[in-house]
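Colleague: Annotation comment: Swiss-Prot describes Lys37 as active site. Residues or ranges marked as ATP binding site by Swiss-Prot on the basis of sequence analysis: 12-17, Asp49, 108-111, 168-169, 198-200. If you look up Swiss-Prot, you'll see Thr16, Asp49, Glu108 marked as Mg(2+) binding site. Sequence annotations record features per position, and here Swiss-Prot assigns substrate binding site to Thr41.
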Amino acid sequence: MSIVIMTGTGTDVGKTVATGAVACVLQKEGYEPFIVKPAQTGEPEGEGDAPRVTALTGIDNAETLYRFPEPLAPATSARRANMPYPELTTVAEEIKSFDKPGRVVLVEGAGGLLVRIGQDWTIADLARELGAPIIVVCSTGLGSLNEAELTVEAATRRGLTVLGLIGGSIPDSPDLATRCNKEDLPVVTGTDVLGYIPEGAGGWSQQRFVQEAPGFFVPDVVGRVTRESD
């Protein structure tokens, strides 16, 4: 299987834009990226993270499996709406159905690694069920080291393979904390940084984003992603 879980250290750290950037790099190298959002909350049909990736990249291989009305953790939103919880095995099988030779399935989680998607399971559980490695998207400012280290530690304790970190938003003129964090993130987490997304990249034109996305990452990012996800 070629499935990679895109998770984060929390909400609004840049997972969607990072997912789009990884998809662009994969496509440039001849792979067919396919984006899956297991659960979207607080967005009507036709909107949300998967459509945002399509708008940003032009890649229309994107599916949202479940939607819940309020912008909360998926399990909480499902409970409050009296809607059935997504089942782990069902979601895993749906994701596997998108996998095929030459394709890399990017699964964008909701919030952080341990956010409840179903009643009793998280994105970490989904990664383990799929046997899929994860990429952790993190913030880069003050407080980011603790969040990144906690997320990587939680993943490794569960036996998950962490491919690396992506800084979800890096300013043109980073402050002192951000500059220090760029040096310290790989040290405290024991995990490579695969790249940094420029601040505001989610508002770029599709043409600019697709052209510049490969420059966000280390040169061998595609090899790392495809080698570990096979």
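Each Cβ is built from the backbone N, Cα and C atoms, and glycine gets one as well.
I would like each feature placed in context: is it buried or exposed, what are its neighbours, and how far apart are things?
Modeller: Mapped onto three states, the DSSP output places Lys37 (active site) in strand.
Taking Cβ-Cβ distances under 8 Å and a sequence gap of 6 or more within the same chain, the neighbours of Thr16 (ATP binding site) are Asp49, Arg52, Val53, Glu108, Gly202.
Around the Cβ of Thr41 (substrate binding site), the number of neighbouring Cβ atoms within 10 Å comes to 21.
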Colleague: In sequence order, which same-chain residues at least six apart have a C-beta under 8 angstroms from Gly111 (ATP binding site)?
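Modeller: Result: Gly8, Gly10, Thr11, Ala73.
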Colleague: Using the alpha carbons only, what distance in Å do you get between Gly14 (ATP binding site) and Lys37 (active site) once rounded?
Modeller: 15
Colleague: Using the CB centroid of Thr16, Asp49, Glu108 as the Mg(2+) site centre, which other residues of the same chain sit with their CB within 8 A?
Modeller: Met6, Lys15, Thr19, Gly20, Ile35, Lys37, Gly48, Ala50, Arg52, Val53
Colleague: Which one of the binding-site residues (Gly14, Gly109) has its C-beta surrounded by the most other C-beta atoms within 10 angstroms?
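Modeller: Sorting the candidates by Cβ neighbours within 10 Å, the top entry is Gly109.
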